[in-house]
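As written in TrEMBL, here are the features:
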type: BINDING; residues: Ile6, Gly7, Ala8, Gly9, Val10, Met11; note: NADP(+) binding site
type: BINDING; residues: Asn53; note: NADPH binding site
type: DOMAIN; residues: 4-95; note: domain 'Pyrroline-5-carboxylate reductase catalytic N-terminal'
type: DOMAIN; residues: 158-262; note: domain 'Pyrroline-5-carboxylate reductase dimerisation'
Amino acid sequence: MSTAIIGAGVMGETLLSGLVRAGRRVDQLMVGEKRPERARELEERYGVAVVSNREATAKADTVALVVKPQDMGDVLDEIAPDLRAGQLLVSLAAGITTAYIESRVPEGVAVVRVMPNTPALVDEGMAAIAPGSHCDDSHLAEAESLLASTGKVLRIPEKQMDAVTAISGSGPAYIFFVVESMIEAGVHLGLPRATATELVVQTLVGSAAMLRETGTHPVVLREQVTSPGGTTASALRELEIHKVRAAFLAAMEAARNRSRELAEGS
Ligand SMILES: NC(=O)C1=CN([C@@H]2O[C@H](COP(=O)(O)OP(=O)(O)OC[C@H]3O[C@@H](n4cnc5c(N)ncnc54)[C@H](O)[C@@H]3O)[C@@H](O)[C@H]2O)C=CC1
Ligand SMILES: O=C(O)[C@@H]1CCC=N1
């Protein structure tokens, strides 16, 4: 089964590198990429063939679209003549609905919408997938196997996709923002930057491992750290005073709303 990746920026390369790590033969992979210098970089790094979008589409069994939502209309118009019924089209773009894609491609092309995230680069990705209207279980299974090479995959109804985008798609950025803020705080408290970075990163990794390995609710884990009248309680009071919980809710609502707007082409 050959796979074409159209748009090889951050997320396109993440998918490509995951497939290569998972043992996909490079001669079964193709890339369509607009920027010539980027195309050369990928050819050198992976030995993958970078071809025109139309050639990639014509030759591949599965086509993964990893361009920005704003570029999706143009790319679909370009490749539509080369798409054929039974082929699988997988979109990784935020906001873009399967109905939008289906309205621009030939009848019978199976469309799957995916929301991946960048931890896929280290095989710890979280991807959600939703079927379009001409999709059977084999198409969904094929999309699942593409993404499973770089982490977990969850099947969801498409109506949840904008919320999923706000949580796991954009989520790594929120976590990196928290990490960055904690490192900066450590520097303010007088720690060398390297020390603060090591402390924060390992604290994040350890906390994530506890969540995953114990399955314990985060509230319980937080309570275990919070000694009565202790340091953690003092810190958490400040986070509540500064409305961090409300800020997270507002931030994720904003991301969900932006995903909806992208569907409208803005
Ligand atoms: N970066 C992330 O964490 C995530 C991104 N996504 C989605 O992935 C898609 C790509 O995002 P990024 O990789 O971050 O953007 P990016 O800007 O790094 O990559 C887009 C790539 O598409 C190429 N491109 C643009 N027009 C093209 C065309 N007509 N033909 C071939 N290549 C073309 C660009 O040259 C660029 O290399 C977006 O739709 C985004 O919503 C989804 C989840 C997470
Ligand atoms: O920021 C964005 O629009 C993309 C989608 C999810 C993560 N990055």
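Cβ coordinates are placed from backbone N, Cα and C, and glycine is handled just like the others.
TrEMBL labels come from automatic prediction, so no person has curated them.
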So how many other Cβ atoms are close to Ile6 (NADP(+) binding site), meaning within 10 Å of its Cβ? 28
Roughly how many Å lie between the Cα atoms of Ala8 (NADP(+) binding site) and Asn53 (NADPH binding site), rounded to a whole value? 11
Asn53 (NADPH binding site) and Met11 (NADP(+) binding site), Cα-Cα, nearest whole angstrom: 17
Suppose the NADP(+) site is Ile6, Gly7, Ala8, Gly9, Val10, Met11. Which further residues of the same chain have a Cβ inside 8 angstroms of that site's Cβ centroid? Ile5, Gly12, Glu13, Leu15, Glu33, Val66, Val67
So which one is it: of the binding-site residues Ala8, Val10, which has the fewest other Cβ atoms within 10 Å? Val10
Given the binding-site residues Gly7, Gly9, which one has the fewest other C-beta atoms within 10 angstroms of its C-beta? Gly9
Expressed in Å to no decimal places, the gap between the Cα atoms of Gly7 (NADP(+) binding site) and Asn53 (NADPH binding site) is 9
Here the mean pLDDT of the domain 'Pyrroline-5-carboxylate reductase catalytic N-terminal' (4-95) is 97
